[in-house]
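Student: Below are the structure tokens for one structure; questions will follow.
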Amino acid sequence: MERPSTAGNPKQSHDEELYIQQAVVFIEDAIQYRSINHRVDAGSLRLYRWYYSRICQWGLGLNIALVLLLAFVERPSSLSVSSDPRYRSDPWQPPCGLTEGIELLCLLIFALDFAVKSYLIGWEELRKSKWLIGYTVVISVSFIDWVLSVSMVCDEKLRVRRLLRPFFLLQNSSLMKKTLKCIKRTLPEIASVILLLALHLCLFTMIGMLLFAKTEDPKKNGEWELHFRSLTNSFTSLLVLLTTANNPDVMIPAYSVNRAYSIFFIAFSVIGTYCLMNLLTAIIYNQFKGFLLMSVQTSIIRRRLGIRAAFQVLSCQGAQRAAEERVHIDAVLEVMSRVKIRSYYRSAITMAARQFADVGSMDREQFRTIFDELDKDRIKEHPPLPQYSSPVLQRLQVIFAHYYLSVLGNAVALANVMCICTVLVLNSEKSTEERDNYSLEIMNLCFILYYLFEMCVKIFALGWKGYLSYRNNIFDGILTVLLLILQITILITYRLPFPHWDDPSSRSAVSLWEMIRLVNLLIVFRFLRIIPDIKLMALVASTLLDLVKNLRAFAGILVVVYYVFAVFGIWLFEGAIKPPPDISVISNSSMENITSNFSVECGTYEQLNYWPNNFDDFAAAIILLYDVMIVNNWQAFMDAYSRYTTEWSKIYFVSWWLVSSVMWVNLFVALILENFIYKWDRSCSCSVTDVEKIRYETSVQLMFREQIQEPTEEELVCQLHQHPHLHLQW
């Protein structure tokens, strides 16, 4: 945007207000690692801030979730209690037009989203964005397919737009797009190891077919008959052995004939499973870490560029100040008062800016430095302890605020869990009527009274605000209150101690054992309070929490992959496996009872009663894909669908195994390692209390902060000159 003339007070005031608005948006872009290549006039800035407001983004996210969840309701509907075709009742099928109407509304919102994005970045930037071009294509194809569905009265078998829906999830997350780009660049290195695995499989397949060829002696043909009858059978058997899912079953027929045959299977597993598969994990970790570092470098450049652009527009508030390249402290404070940012960071940056109040302005480097607060850990400061005038109360406060009180509480919780465990072992063979619930109830009552005492004295020592400032105290307090409520309910209901407390006439709708069992569950769950007091355990728990909070992009890509494969699975295998009529009406019967009418081979889909695992609806397909990803008995699914459909169906299951179990699981392991190593390195010099005090808000950017190269001033200025909508005088 050309810097307008500053002649005249109204015009100058308008220009200064525009510069403030531009600086606010640029700072918000820097905080969220967004690109600053968007329109910067007053109207566009208001639209831009509205678009990235919390309510608008939450609405867009809800719209994406809604269009993805339609797969559970659309035909074939997943709205049935069981997915087992033997017992499944006819699911509720939505009338034609219901899901289509919801989907049309979602598509219109996506079209509006695309229109707003296109306007804000401009035509030139739109042409450069492959994701937005893809967004246009997906929305257009979805509208066309929707019209075809409505014109066919929802009776079509193939809905192309169903396969395209995960794109809406991908394009809405910048980190997800970066992750996908990293995976794409890592594929050549992964492909080299997969080719080596394929060579390993082919080599041992040929060796196996030579070793276990059919002989004249039927007693020695067990291995050939079961696992090496054909090339595809041999290859599939060894592929499953690579995942250890059929070990040692695949070896037993040959091993029974000659123990030397075990060398073949051991050599295959050692080379393939323990060497090549672990090598694949190492390659994925190393290569993906490098490419992820490159994408994080781009994010850091965006942050620095946003801060630099904010400084530049603020320095243009007057011709003299523009020449000096300094900004007024008042302008910086005004910008920070409008920026949408967490209160902690707003206070920290404002405090850093006020240090230059005596000078009245700051230069470019000082302006950049105050925003380094965004990269620092948030130090959680607990409220001060309450003050008591009485010496006795002061002494009690010192005692009850001591760390050893928590240690004692952990010891009592451990004793409570051990008592419950002992009682459960003693009563494991007893029926509900034979259990001594009275003794267990009295024991739990004593422990709960101690928990209540511990909570009260901690509140006395720390105060309400101090007590609630510790997350483990909140967890402990909520469970203690729940236990107390349950205990009071038991006392009111059964009036313990009471000579006839176990009299059937005195029982309520909920038995004493059921209430005690609920109390025991809460007590066992409460024992997790020890985690913050053990440093290594606290780090592990913190790592898991950070994975949930900050690595959602990788889980999002897994959702996309699950969705696509589930849709393909329904297209290919819906209704492919149907139980024989003579067992479809039998309930709670074992396979031995029906062998006269329906004989099955041991270890197969039918013998294992895997009927609920199918592709008859979307929810069932998701569960089946999860079972295959775990690779436990996944050969049963692959064998069943190859028998009921075609041998080519194995390609689908092997592809899913490669994508989910080989690539994504290894990628997730690599990210867990990186996250844990990052936290471990930073906490080696910390005590247990320091770990509690510092709230590590780990993000992907912070994980690689020490390895990131800061952009130079020349690079930032060059990119500012290339901004399509911001034209400043330098």
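Glycine is no exception: its Cβ is also placed from the backbone N, Cα and C atoms.
Keep in mind that TrEMBL annotations are predicted by a computer and have not been checked by a curator.
Pulled the feature table from TrEMBL, pasting it below:
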DOMAIN    93-289  domain 'Ion transport'
DOMAIN    417-676  domain 'Ion transport'
TRANSMEM  55-73  transmembrane segment
TRANSMEM  101-120  transmembrane segment
TRANSMEM  132-153  transmembrane segment
TRANSMEM  190-212  transmembrane segment
TRANSMEM  263-285  transmembrane segment
TRANSMEM  403-426  transmembrane segment
TRANSMEM  438-462  transmembrane segment
TRANSMEM  474-495  transmembrane segment
TRANSMEM  515-532  transmembrane segment
TRANSMEM  553-573  transmembrane segment
TRANSMEM  651-673  transmembrane segment
Student: Six or more residues out from either end of the transmembrane segment (403-426), which same-chain residues have a Cβ under 8 Å from its Cβ atoms?
Tutor: 439-440, 443-444, 447, 450-451, 454, 457-458, 476, 520, 523-524, 526-527, 529-530, 533, 689
Student: Where does the mean pLDDT land for the domain 'Ion transport' (417-676)?
Tutor: 78
Student: Test the contact criterion for the transmembrane segment (263-285) and the transmembrane segment (55-73): 3 or more CB pairs under 8 Å, pairs 6 or more apart in sequence, then answer yes or no.
Tutor: no
Student: Under 8 Å between C-beta atoms and at least six residues away from its ends: which parts of the chain pack against the transmembrane segment (55-73)?
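Tutor: Contacts of the transmembrane segment (55-73) (Cβ under 8 Å, skipping residues fewer than 6 from its ends): 79, 94, 99, 102-103, 106-107, 109-110, 113, 162, 165-166, 168-169, 172, 559, 563, 566-567, 617-619.
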Student: Under 8 Å between C-beta atoms and at least six residues away from its ends: which parts of the chain pack against the transmembrane segment (553-573)?
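Tutor: The answer is 68, 71, 76, 158, 162-163, 165-166, 169-170, 173, 175-176, 178-180, 183, 614-618, 621-622, 624-625, 641, 645, 649, 652, 656, 659-660, 664, 667-668, 671, 700.
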